[in-house]
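The domain 'ABC transporter' feature in Swiss-Prot is assigned to 4-235. Look at Swiss-Prot and you will find 37, 38, 39, 40, 41, 42, 43, 44 tagged as ATP binding site.
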């Protein structure tokens, strides 16, 4: 195992415009770090640079303290698991898993030993003689992971490995990857656009946007204290409600822009010196923190436009001024369109962002 270090890593294709803007990341020995972001944010490009499939324009990448910028992928002691399983259709499961070792000249007994050990970890023993066409999608992905495990790499790289699976299989495979990391404790860098994968798998999350690492932190930190408006809107399903407006001169209310209501801030501003009174801010609050019935929190009225019934809970939708607002409600609470909903504004769950920079203020 080994630490993975990225220092001021940049990427440009034309020498003028950068698609990655100085990424600094330290992945500790045995740590599982997930890069998450929308399509085109640079996460897969960065992973390919770590793998050696893309050249680095500036900066350095080190594995186990050794700079690998100029090394070929085969010399970096890494193993990749892709979105596409990339299994040889004419080979058995065992042959697929051991093929890279065979090419590397590892003796047959050692290959068999490693393949059997990986098959036991992944519960593939009964499938070793089958061909890929005889396997389910989840089984094929386990074979792809087994092929990576037998190499005993310093670093695992995962490039959206669950994207081809249906929802049920994704849940199952997330659990299997968690168990796999708990058992092997191999340094891992995982790329996904799915925030659920990021939040459930990661020890730390890197939220990527337009070639920048917007925030790096534990899943709870990224959820509870988003560093930017982008992180607030991207992490969470649905994302945080973000309202443009102005804190009053006395700090008592937040006037929502676009002829929206004045939201009570009783006990809030004491928001601190960072959030000045009498100026414009972007106020954020998550749908799940607005549920009615919180007796000790200020409340405001939201007229319901529609309600989505999700099973375990419901989402009520309305508008304050020019802003769409979503509130997560318990399963039994199903307001009708036109109903006035008294939603909570608990002080500890209000987030203030600078409208110019998008950075967190409080």
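Backbone N, Cα and C atoms are what each Cβ position is placed from, and that goes for glycine too.
Structure coloured by features recorded in Swiss-Prot.
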residue: 37; record: ATP binding site; contacts (Cβ under 8 Å, 6+ apart): 43, 193, 207, 208, 209, 234
residue: 38; record: ATP binding site; contacts (Cβ under 8 Å, 6+ apart): 193, 209, 234
residue: 39; record: ATP binding site; contacts (Cβ under 8 Å, 6+ apart): 193
residue: 40; record: ATP binding site; contacts (Cβ under 8 Å, 6+ apart): 210
residue: 41; record: ATP binding site; contacts (Cβ under 8 Å, 6+ apart): 208, 209, 210, 211
residue: 42; record: ATP binding site; contacts (Cβ under 8 Å, 6+ apart): 11, 19, 20, 208, 210, 211
residue: 44; record: ATP binding site; contacts (Cβ under 8 Å, 6+ apart): 159, 160, 191
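Within 8 Å of the centroid of the Cβ atoms of 37, 38, 39, 40, 41, 42, 43, 44, where the record puts ATP, the same chain has further Cβ atoms from 45, 193, 208, 209. The Cβ of residue 43 (ATP binding site) has 28 neighbouring Cβ atoms from other residues within 10 Å, across all protein chains displayed. Look at residue 38 (ATP binding site): DSSP puts it in coil.
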